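Asker: For 1-87, the entry in Swiss-Prot reads transit peptide. What Swiss-Prot lists as repeat 'PPR 1' is 154-184. If you look up Swiss-Prot, you'll see 188-222 marked as repeat 'PPR 2'. The repeat 'PPR 3' annotation in Swiss-Prot covers 223-253. The feature repeat 'PPR 4' is assigned by Swiss-Prot to 257-292. Summarising the annotation, Swiss-Prot assigns repeat 'PPR 5' to 293-327. Here Swiss-Prot flags 328-362 as repeat 'PPR 6'. Taken from Swiss-Prot, the feature repeat 'PPR 7' covers 363-397. Swiss-Prot lists 402-428 with the feature repeat 'PPR 8'. Positions annotated as repeat 'PPR 9' by Swiss-Prot: 429-463. Summarising the annotation, Swiss-Prot assigns repeat 'PPR 10' to 464-498. The region 'Disordered' annotation in Swiss-Prot covers 514-540.
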Amino acid sequence: MAAIVAIGRKLARTPQWRIVQHQSLLRRAVSTSFSSSVSQNHSFSSAFHRAGHVHSQVLSYLPHFASSNRFSTKTISETFDINLTALAPLEKGLIDLIRQVSELESEADAMASLEDSSFDLNHDSFYSLIWELRDEWRLAFLAFKWGEKRGCDDQKSCDLMIWVLGNHQKFNIAWCLIRDMFNVSKDTRKAMFLMMDRYAAANDTSQAIRTFDIMDKFKHTPYDEAFQGLLCALCRHGHIEKAEEFMLASKKLFPVDVEGFNVILNGWCNIWTDVTEAKRIWREMGNYCITPNKDSYSHMISCFSKVGNLFDSLRLYDEMKKRGLAPGIEVYNSLVYVLTREDCFDEAMKLMKKLNEEGLKPDSVTYNSMIRPLCEAGKLDVARNVLATMISENLSPTVDTFHAFLEAVNFEKTLEVLGQMKISDLGPTEETFLLILGKLFKGKQPENALKIWAEMDRFEIVANPALYLATIQGLLSCGWLEKAREIYSEMKSKGFVGNPMLQKLLEEQKVKGVRKSKRMNLQKVGSQEGYKGQRSVDRK
């Protein structure tokens with residue numbers, strides 16, 4: 001505990017990812033609506049209106065076709081997740097107080113001020129406080145020290161603090177906290193998984209592997225679930241080759257099996273979507289006499305569908321059924337997507353009927369698998385009809401539903417969709433605005449991008465480093481140097497760390513602008529002198 005207290009003192013001196021019932025398949029009346037004329041189509045507001053009255057059971061944005069990894073033990077991905085299902089509301093002014101006391105000379109002064117305040121702190125509000133300060137790790141850690149003093153530092157709050165520290169690559173402090181947790185007999189298992197994941201996110205694969213290797217020091221014997229957890233952490237952050245290398249190098253201790261190969265296969269299919277590598281892993285499984293299972297087929301079909309390979313998607317689906325493997329909802333979602341994408345909408349509708357015959361029920365992801373490719377193809381009228389059908393089946397739109405429309409609509413409709421997201425209690429989120437800003441800057445619409453930037457306050461979105469950097473880079477790409485410099489200065493004034501490469505680029509653009517201005521002035525002067533000389537010749 002002494003180590004973490006010492007670090008806390010030093011910091012105090014520093015002023016900074018369903019269950020819904022489905023009554024029946026698409027009714028005949030609904031099927032008719034799909035073929036109705038444009039004049040019968042639902043508008044965005046009418047289609048989304050009922051969404052606000054349907055409780056959404058999907059509160060976080062998941063990448064399209066992101067498949068869960070099923071292991072013989074419980075799902076590994078749960079160990080990397082932070083529980084945000086019930087964040088307690090915070091008292092007004094609490095975060096401002098944390099900011100103010102962080103400016104005091106010592107941790108003792110900061111703690112005294114917090115203790116003297118009228119704010120109450122319990123386990124739930126403490127967890128919410130750390131979450132709200134997640135982008136400013138120093139403030140989050142100061143708040144953690146206060147909660148620790150109040151006895152609010154339960155298991156989940158400690159795990160959250162480790163996640164925050166890992167996000168900011170403050171691994172030494174995180175390890176001090178883990179040691180303190182261990183010394184007071186708190187479970188450090190999830191903390192170790194979080195450290196593996198955060199190291200992988202920071203591209204430090206060697207330290208992720210080392211974390212797995214030292215689990216025994218915290219009385220966690222490296223076991224199959226932890227091994228597969230490491231592979232999952234490496235793959236989910238793009239280090240798929242490293243994960244495969246480690247899996248094969250460890251085969252004496254952890255014999256290769258279908259579950260381990262499925263983690264690697266999922267990486268190539270759903271993280272990178274590399275068909276060539278996915279096919280190689282499929283062949284490699286055969287070389288090790290490992291028979292692909294239901295999940296293996298699901299990953300491959302997902303991969304083929306995302307690149308528009310309808311033939312191989314259907315081929316593997318048929319092969320899967322011949323082997324007696326019942327396709328899950330993920331497989332049908334992939335097939336619905338590729339059929340819709342490849343302009344086989346009627347066949348996709350027939351497949352929806354097939355779902356009922358298989359004892360499965362279409363969910364929000366199934367409908368999103370239609371909506372997204374329709375939006376990508378500019379078929380917004382049909383997409384709106386699918387949305388209306390989805391809502392009529394008591395299925396709630398998800399963040400992915402709204403994002404699909406946001407990528408396809410014009411600027412005026414963008415604001416309307418954002419409003420519907422808020423009504424449906426699905427955001428918008430920081431990721432939503434990153435998507436919109438990226439689209440607008442790509443379309444060379446800096447004026448509209450800045451209008452969206454101004455709209456963030458209305459939706460209670462506080463600009464974070466990712467939003468600042470995306471906006472600054474977008475403005476630079478559109479030649480808006482002065483506005484880019486203005487927003488960069490604003491970012492730094494709020495205590496966010498500057499980006500050296502971006503700073504250099506801003507300075508280079510400034511120098512280029514000065515040089516261009518000087519050249520234009522010289523050219524102007526030269527032309528004026530030439531004009532004067534010509535007049536003097538004419539007079540002679």
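Placed from the backbone N, Cα and C atoms, the Cβ positions cover glycine too.
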Asker: Restricting to the repeat 'PPR 3' (223-253), what is the model's mean pLDDT?
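Answerer: Summarising the repeat 'PPR 3' (223-253) by its mean pLDDT gives 95.
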Asker: Within the same chain, where does the repeat 'PPR 10' (464-498) have neighbours whose Cβ lies under 8 angstroms from its own Cβ atoms, ignoring anything closer than 6 residues to its ends? I mean 6 or more beyond.
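Answerer: Apart from its flanks, the repeat 'PPR 10' (464-498) reaches 16, 135-136, 430, 433-434, 437-438, 440-441, 444, 446, 449-450, 453, 456, 505-506, 509-510, 513.
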Asker: By a Cβ-Cβ criterion of under 8 Å, what residues six or more beyond either terminus of the repeat 'PPR 5' (293-327) are in contact with it?
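Answerer: That would be 64-65, 67, 69-70, 258, 261-262, 265-266, 268-270, 273, 275, 278, 282, 285, 334-335, 337-339, 341-342, 344, 358.
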Asker: Apart from its near flanks, which chain residues at least 6 from the ends of the repeat 'PPR 1' (154-184) lie with a Cβ under 8 angstroms of it?
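Answerer: Tertiary neighbours of the repeat 'PPR 1' (154-184) are 1, 3-4, 7, 82-83, 123, 126-127, 130-131, 133-134, 137, 140-141, 144, 147, 190-192, 194-195, 197-199, 201-202, 207, 218-219.
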Asker: What are the helix, strand and coil residue counts for the repeat 'PPR 2' (188-222) according to DSSP?
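Answerer: Summed over the repeat 'PPR 2' (188-222), the classes give 26 helix, 0 strand, 9 coil.
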